[in-house]
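Peer 1: Sharing a structure here in structure tokens format.
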Amino acid sequence: MKVTSLDGRRLRKMLRKEAEARCVVLDCRPYLAFAASSVRGSLNVNLNSVVLRRARGGAVSARYVLADEAARARLLQEGGGGVAAVVVLDQGSRHWQKLREESAARVVLTSLLACLSAGPRVYFLKGGYETFYSQYPECCVDAKPISQEKLEGERGLLSQCGKPILSVAYRPAYDQGGPVEILPFLYLGSAYHASKCEFLANLHITALLNVSRRTSEACTTHLHYKWIPVEDSHTADISSHFQEAIDFIDCVREEGGKVLVHCEAGVSRSPTICMAYLMKTKQFRLKEAFEYIKQRRSVVSPNFGFMGQLLQYESEILPSTPTPQPPSCQGEAASSTFIGHLQTLSPDMQGAYCTFPTSVLAPVPTHATVAELHRSPVATATSC
């Protein structure tokens with residue numbers, strides 16, 4: 001069995017001809033994007049970073065790929081339980097052969113080929129959800145439908161970029177509304193917001209800072225534009241770009257302009273840059289910076305790796321504050337400092353990134369015998 005590529009037109013026919021009973025669509029995008037807008041009847045495959053890291057592009061258990069027990073049992077039946085096709089999609093990839101090894105779509109495809117030796121054919125949707133939803137919005141569902149009156153008004157508009165505005169009834173949550181003001185000269189939004197010239201003109205935006213994998217040419221001819229390519233991955237190094245981004249924002253501010261910082265969804269990478277800017281220039285603590293931005297753009301959710309880098313950045317640029325009750329032992333402190341700090345944050349902030357493996361939270365056992373301690377007369381920890 002092999003993976004076959006298909007376009008949106010063919011998927012649309014399959015959904016109509018086969019109905020949902022004969023075609024299973026597996027959406028490998030993050031749950032936030034899936035919950036906001038998805039192919040009708042599709043299932044979300046939400047593989048966490050630990051599973052992806054261990055898989056390294058290889059196969060994982062079917063229970064990770066198909067969390068829905070009924071769907072899993074049916075597909076694993078002899079002959080696929082009557083299912084003729086399993087379609088895998090991500091946000092916008094055009095070729096499954098070029099998928100990154102650590103991508104969820106790559107792991108899902110490999111796993112399906114391993115567990116479905118016979119039965120349903122495995123397909124990959126070219127162009128991903130972005131292309132399909134722009135072509136066939138009637139085959140998709142959105143969590144936040146917009147009133148018919150507003151929809152009819154939007155349909156009659158043309159953007160200043162010369163392209164028709166897509167039906168906003170199927171726009172993901174992170175693209176709803178417009179860019180938000182973080183500071184009088186600093187705005188935060190998504191790639192969609194950055195592509196809409198009317199948004200930029202209304203807010204008097206003079207510069208764009210793109211922190212995503214792909215550069216953009218839309219509406220950039222008359223704007224000061226900077227592109228910092230960063231993956232939205234817990235292993236990506238974003239902190240090395242903090243100063244570069246801060247310098248660019250300050251340059252725009254000094255010239256009396258306004259800058260829109262964006263990535264793909266305006267959820268992880270660009271909010272991380274904005275938090276770093278607040279921490280550096282306003283001396284905000286990480287908790288303060290996160291809550292400040294969360295109040296203005298509720299969908300922000302930096303990944304766990306970015307939060308760790310922001311925490312490290314805080315320790316480098318801001319004076320340390322004494323903790324009221326330090327850990328009782330140095331070994332305990334070494335294993336729990338980072339997690340303990342995050343657990344003191346607000347509930348919203350704790351839920352904003354991936355769940356850390358619970359094994360890290362467990363105390364580290366000490367197997368070696370403890371020799372007599374020769375304590376310094378100057379600094380003696382009485383709690384150990």
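Backbone N, Cα and C define each Cβ position, glycine as well.
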Peer 1: With the ranges 53-74, 75-96, 97-118 to choose from, which does Swiss-Prot describe as motif 'Nuclear localization signal'?
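Peer 2: Among 53-74, 75-96, 97-118, the range Swiss-Prot annotates as motif 'Nuclear localization signal' is 53-74.
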Peer 1: Go ahead and report the DSSP secondary structure tallies for the domain 'Tyrosine-protein phosphatase' (178-319): helix first, then strand, then coil.
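Peer 2: Its residues fall into 65 helix, 20 strand, 57 coil.
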Peer 1: Around Cys263 (active site, phosphocysteine intermediate), how many other CB atoms lie within 10 A of its CB?
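Peer 2: Around Cys263 (active site, phosphocysteine intermediate), other Cβ atoms within 10 Å: 26.
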Peer 1: Mean pLDDT for the motif 'Nuclear localization signal' (53-74), rounded to an integer?
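Peer 2: A mean pLDDT of 77 is what the predicted model shows over the motif 'Nuclear localization signal' (53-74).
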Peer 1: With DSSP as the reference, give the number of residues of the domain 'Rhodanese' (19-141) in helix, strand and coil.
Peer 2: 59 helix, 22 strand, 42 coil
